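I have placed the structure first, in the form of structure tokens, so that the comments after it can refer back to it.
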């Protein structure tokens, strides 16, 4: 089955073609315009998606050397995300589906991030623990199989990617700051600042306290939002970045062993933009006793290959109930319960 995937949940526009689980073409266009504002401006993101989609669609068809007439299924990210951005993608997909007379399926963007690893490693054993880490999400899922996602835990405040961006801004790094903070931390002393990690009950996470601790480390007792940041040496910046990065990722890693045991998981799957962090990859490979799967770098970012792949799998497994595809900014997952 040849499947066209479309992704526009935030500030990346992407089109991809996947055939029977194999990626034929995958194009991603990032929107640099938001850097000047220090964050994503939803209206600008929507306009950019409108302009970019037609060009990307033509490009992936050329890359894969196929005609759009050959597409059998169109899969589009319709939740969760920025409502305007999602609407652009869904409406573009509906127009294509109507014009080409093809079947249309809506796919959950976060679930697709976890399915990305399955595209590259089809032999993952289930049940698996799925960890989605991005700018908007820090969530744990029980995955009885590759297409079922039951919520186990989530952040109670900031997502880890959002926290990275905020701390990067404290350190004077340009937006988006997550990768730049990782690079800064490489030459820092991760033991220089003993940032405490939030002890949240159950399987949830919290990062707001860690963010505040970094603010105090930089500003001292005068940590009000209006107070200017004092001059900090490059060595201090590197040490703060390294110490913060360790504390943030240990907040997650320290919880995983008990959760894995409680739900009898046989694998760990990690997805989302933050999954591309090399420090975190090494940390989990050192601390997790299970086979751990990360997508390749391109499939960590928002991309349409994961949307096409999950849509194709759902359709072929006949686990997708046909319904109108509607964009939705938020999504409420079913929770997993422990059986006693």
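From the backbone N, Cα and C atoms, a Cβ is placed for every residue, glycine too.
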Site co-member for substrate according to Swiss-Prot, given 132, 133, 134, 135, 136, 178, 277, out of 165, 187, 189: 165
Residue 132 (substrate binding site) to residue 109 (Fe cation binding site) - Cα separation in whole Å: 10
Cα separation, residue 302 (Fe cation binding site) to residue 136 (substrate binding site) (Å, whole number): 12
The one of 109, 113 whose CB sees the fewest other CB atoms within 10 Å, among these binding-site residues: 109
Candidate nearest residue 302 (Fe cation binding site) in space, where candidates are the binding-site residues 133, 165, 178, 277 and distance is Cα-Cα: 133
